[in-house]
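Per TrEMBL, domain 'SMP' is recorded for 15-69, 131-188, 196-254.
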Amino acid sequence: MSQEQPRRPKGQNPIKYGDVFVVSGDLAQKPVAPEDAAMMQSAEARVLGQTQPGGAASVMQSAATRNEQAGLVGHRDVTDVTGDRGVTVTETKVPGRRIITEAVGGQVVEQYVEATPVEAGRSSAIKENAITIGEALEATAQTVGQKAVDQSDASAIQAAEVRATGSNVITPGGLAAMAQSAAAYNADCKLDQDKVKLADVLAGATAKLPADKAATLQDAEGVACAEVRNNPDATATPGGVAASVAAAARLNENVK
């Protein structure tokens, strides 16, 4: 924490990020602090025009208020992970809706879809459309686009392309081919700034796919297996390819 800590009442524990969000690592063990919540409120207002009911800022504000009232954090406290890496709110616009992704310290804490106005005569068709695998990949470029492509990313992208197109044949010059080339290049590249990033591969993913389809829970499972299987840590990247396809699949299930 950045400020001097008040004395913690015995027997009480603060509400931590891991208590209110699905996060891992150091962030999960950090208490939600008032300045963290204020940062997220500002980010939501800047990107979305207002604080979102039930959004990350609302959840963080509630937790931070309880922590402060219990004397477990100070009013000006900020969690070190949040202070170092910040909070982000991004939106990926697709026809008829936008995908909102909120992250704390580089880890996605909320992802949801909002309807947006569409052209006359298209609303019914757009409303029936679910979020596609290509759109989920574009969301990945927004959330963790600066991550260097590694073999787990490439495997997940390949699995996503196979499921989107329904073909096991890798399209020359397509997303999977680009991702595999990027992973191979990055493995031998010494400087991080020279490595190929996910955004370089996944920006405009929908247009790069020869075919696309709505993301399903089965698709999400297949992509997740590919990503985890090829990660030495046997984990999926928070906000990465598998996480974005899974979020799209869950949202599609909710609007059936």
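A Cβ is built for glycine as well, from the same backbone N, Cα and C atoms used for every other residue.
The helix, strand and coil residue counts that DSSP assigns across the domain 'SMP' (131-188) are 40 helix, 2 strand, 16 coil. Look at the domain 'SMP' (196-254): DSSP puts its residues at 36 helix, 2 strand, 21 coil. Helix first, then strand, then coil: DSSP counts for the domain 'SMP' (15-69) stand at 37 helix, 2 strand, 16 coil.
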